[in-house]
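Asks: Quick one: the structure is below, questions incoming.
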């Protein structure tokens, strides 16, 4: 039986997508098979061979690889006529089936014949039951295209540089110095953001003027640069072209692999920036959202209208992103990384200008640029997608550099003073629009520079009148309506960093990186932020302490004696950092560590350049910084697309969003032919839910896990008339909008214990939408529902709501939150997936005590499967918690011992609450901190600061609800040759075994026998730890009955117990009389180590 190409592509598909070399290929095909299909490995092998028979030069595919990439699911549509065979390719086929596969097929299949069309009308194929990536033509607003993404990044930087250079040539008389030329990208950002904000606030959608704006500014820039080309130091600029190229490759190399699909860490801020930009593309800034009931669930228009219009959030970078998205026809998600990388390259140029400002030396400027190019914390700002910060730092460094060029005295000519004030005013206005949080640093720098200069009589106050007046006037003119909002925003930001209700407990810090010694190493790029142990870390801490001390002393010397602007602002940052360290402001220190990079590195290079007799020492310091920085920046970059694996795993919000081409998947779902009336999503990941909203938001999207629109509640409506008199007549409209949004959710209660009642929200109604589709979260992003192996490889799947039985959905409650903005760390009960320490290719999630779930399509006598581990708790106990499931009654999991377990509960009965089937998982004990061991210099200070702030009861590998049939189909292994590998078997139920084979004081396994004449054989080891005469007693029970009691001593042992058991599954339990603790700082309580265990025939 060979599946034919023509037959496949004429059924339910009209187009074929071309697949790139790095594309993740996953699509659904249907074939009419005249008889029952053979095994999946046969069909898969023949399918691949049939593709090769068409002449496509594809790499050889083995039978094992074919079996791995194929999955068969039978769905009988018409048993009397034929069978529908669903062939789902849902693995990474880039190494097997690349773009060349389609070379022999062409871009489109042949048109169907008249008879085929008639047959299709008479017997239409049913809609697909499960869709991973529907086979459609790539979208006009997206795609792989790595070369185009890299070109767009460079184009953004070049346009900003050219427009900024033209603006500088208009503002500056005479030729430009090298330093003045290098600050051009900051002026380019200002030249774009100011008119864009003004036009958008006047009511114009960005798509109406974006192209005109770019063409106008671009053409004007070309004319000005050509007109004054003699005023630009082109030869000196050429020296820095290789530096920009190297920096671009270092920070943007994932873009060459994944193109517009590179979404880095998928930070929640990035999602907000992108969705807000998509709104601004087609809406004026103040345009009101729709009030129609179905519009409440379409997209995020209402949420972002309240966020920006009512709350006064800054909008500068969103405007620039909307401009790029409008011109390129990309979504905000796809245009985001090219935009932020363009800003990063702009920061490189302005930081290089800081190096030039110290001694007007090209070599110093080049070294500063090189250090900034490899700075891990500078790159982390881009990878972590802190868009406003990365856009604001070039402007702050440009302000500092422009003032440094005029230091210590102002220009004598009045026109030059006016131009200086105009330049600073333009930058201040742009800073207020993009990132006003940096304005206090600039203000303090100006204040200290002016005050100290006046006291020393190097500056006269009357000389400052003209530049200050021009700066203030330009700010007022260029940033209309923004003054009150900026002041309010800055006040809220400052107040948010002030601890309320007393000092913050050492266990509640979310960003503790710079409150512990490792922060000194990370500040200089010797290690990444999430490295907390090892000899290299201690060396980095020592070097960081030395570098920080000498740079700080040199900075205060320059600030006090020389009034150097760069040194002044750096001294302000050092002083603020010291105050934040004493006050334990963790997030402020985290942000300051990134702010300070260009200023600190510029001062450090200036210091080293003065050590002319010790050039070897200076060269060694620079070399160490360059090598360590490049390595750690590469590590950050690799983490952005390699899921959570790597040093910065804590930052990844959606695991594998880049490598699995999440954006392509969502676009394929959006374009799928099923065209539902509404969507339901079961994700508990806030970021993933917003991704889904960005693509399917044109249809109502109902979220079961969390009321993501709760930020609309509690908005102060009276703030609208105060903001714009125009909206006084729309006050009632806004109140109705809030009331309408609140009416779609219903408050409910669930009782875990008499003293633990969870409050939660559920959708009041799914509305009049009959044709709904489910966006099902795959095992790549959650530990829920992993027992359904069909969905373990992807992130999002499209399915009919009733097609997935026992679909478990996390529900956020007052006792158990999902991670996200505003979620208290002490109450988060289900965290994002992270690398499994013992199984490198798998993931796990930290869980706390109370978890609330909704079950879609529950089956009768369903059970909960729980796979957890406490091996990493590092508390000297590693005890598995006494977990239970609460429905109509409470059932307890059979958990014993320490280490890890995979257990199944007795049958559960969900509670019907408002039409939803609700159950609760109570882990039986409060969460606690999993301690991170500290060695060497990590013990210098901050030992009371918890590095991991989560309160965990365990790490979960799988939490699923299974049917009684699935439970009975679990075929336990008969004999486990290697226990370390054997406990990874999904059919094995066990408890009390560590992942490396050590057995706790109490443990059991569920093993099977085939015949009655089989013996239980156990091979193991009692280790020699302290006492060579150590002995213990082992009691072995089978199905609750004592099979044998034996005394064990130090050394290897073999236990053979003759049994007469009926064929089937049996529970084998081991109980030891005592235990020891593993040495070397491990501390886990263990009694023995099993190498193999199971039943074998005695014949």
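Just so you know, glycine gets a Cβ as well, placed from its N, Cα and C.
As listed in TrEMBL for this protein:
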REGION    108-142  region 'Disordered'
TRANSMEM  147-170  transmembrane segment
TRANSMEM  182-203  transmembrane segment
TRANSMEM  209-227  transmembrane segment
TRANSMEM  234-256  transmembrane segment
TRANSMEM  335-358  transmembrane segment
TRANSMEM  365-384  transmembrane segment
TRANSMEM  464-483  transmembrane segment
TRANSMEM  523-556  transmembrane segment
TRANSMEM  563-582  transmembrane segment
TRANSMEM  588-609  transmembrane segment
TRANSMEM  616-634  transmembrane segment
Asks: Do at least three C-beta pairs under 8 angstroms join the transmembrane segment (335-358) to the transmembrane segment (147-170), pairs 6 or more apart in sequence?
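Replies: Yes, since the transmembrane segment (335-358) and the transmembrane segment (147-170) share at least 3 Cβ pairs closer than 8 Å, they count as touching.
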Asks: Sort out the residues at least 6 away from either end of the transmembrane segment (616-634), same chain, that have Cβ-Cβ distances under 8 Å to it, and list them.
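Replies: Distant contacts of the transmembrane segment (616-634): 250-251, 367, 370-371, 374-376, 379, 524-528, 540, 543, 547, 605, 608-609, 647.
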Asks: Taking the transmembrane segment (365-384) as the first stretch and the transmembrane segment (588-609) as the second, find out whether 3 or more Cβ pairs fall under 8 Å, excluding pairs closer than 6 in sequence.
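Replies: Touching, yes - the transmembrane segment (365-384) and the transmembrane segment (588-609) meet the threshold of 3 or more Cβ pairs under 8 Å.
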Asks: Sort out for me which stretch, of 209-227, 523-556, 588-609, has the most Cβ pairs below 8 angstroms to the transmembrane segment (147-170).
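Replies: Checked against 209-227, 523-556, 588-609; highest Cβ contact count belongs to 209-227.
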